[in-house]
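Structure first, then comments.
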Amino acid sequence: MKVLWAVLVVTLLAGCQADVEPELEAQEPAVWQNGQPWELALGRFWDYLRWVQTLSDQVQEELLSSQVTQELTVLMEDTMKEVKAYKSELEQELAPMAEETKARLSKELKAAQARLGADMEEVRNRLSQYRGEVQSMLGHSAEELRARLATHLRKLRKRLLRDAEDLQKRLAVYKAGASEGAERSVSAIRERLGSLVEQGRLRTAALTSQPLQERAQAWGERLRGRLEEVGSKARDRLDEVREQMEEVRLKVEEQAEAFQARLKGWFEPMMEDIRRQWADLIEKMQAAVGTSTPAPTQKP
C-alpha cells in the first residue's frame, strides 16, 4: 500500500497539465544527468515523472481513498527517521572540527530538517484537501480542482529544487572552508618559522661583531642548536597537521560513499516497485477496457 501511495504522490507532483512540463525541464540541474551516483538516481526519478505525465488523468481518482492521510503519515515518519540517522552520522564526522563550526552546521541541519518536515506536511495537507474537494466538489468542476492542485504542487517543486541547490552550495562552501583552514594553519607555521630564522640571523650578526671571537662562536652554536630544535618541532607539527587532514578527508569520503550507496539503494528499489505497480495497473485497465467494449453488430 505504501508503494501505491508513493505512486499517487509521484503522479500529482508530475502535474496534470502538459504545459507545465517545460518549466520542470528548465529547472532541473544538468548535474543530475552526469554527476554523482545519487544525483544520477535523482535524474532517473525526474525522468520517470515525465513518463508518468503521459498516463491517463483518471489514475489519480482511482488511487484516492480514505487511507491517504495515514499512509502519508507513515512515509513522513520513515523519512524523518532517515534524516535524523544521517544527522547523527554527520555529527560524528565533525568531531575533529572546531566547536564553532560544529555548532553552525548543527543549526543549519536542524533548519533543513524543519523545512523538509514542513514540505512533507504541506503535501499531505494538499492531498487531503484535494480528496475532500473531489468528494464534495464544493461547486467546482474536477478540472478546476485539478488545476488548483497542479498550481500548488508546481510551486512546491520549485521550492524543493531551490532547497536542493542551496544544499549543494553549502556543501561546496564547507569543502572550500576546510581546505582554506588547513592552508591558513600551514601558512601560520611557515611565518612563525621564518620569523625565528630572521631573529637568529640578526643575533648571529650582532655576536660576530663583538670583539670576543670565542664568545661569539659559543652564542652562534647555541643559536643554531635552538633553530634546529625549533625547525624540527615545526616540521613535526606540519606532518601532524597533514596526517590529521588526511584522516579527516578519508573519513568524509568514506561517509559520502556510504550515503551515496544508501541513496542509490533507496531510489532504485522504489522505482522498480513503482514500475511494477504501474505495469500491473495498466494491464488490468487494458483488460477491463477490452472486456467492456461491446462487439459490433452486423447490418442485415
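The backbone N, Cα and C atoms fix where each Cβ goes, glycine too.
When Swiss-Prot is compared with the stretches 9-19, 31-41, 42-52, 152-162, the one noted as region 'LDL and other lipoprotein receptors binding' is 152-162. Feature annotation (Swiss-Prot): of 262-274, 275-287, the stretch labelled region 'Specificity for association with VLDL' is 262-274. In the region 'Specificity for association with VLDL' (262-274), the DSSP tally of helix, strand and coil residues is 13 helix, 0 strand, 0 coil.
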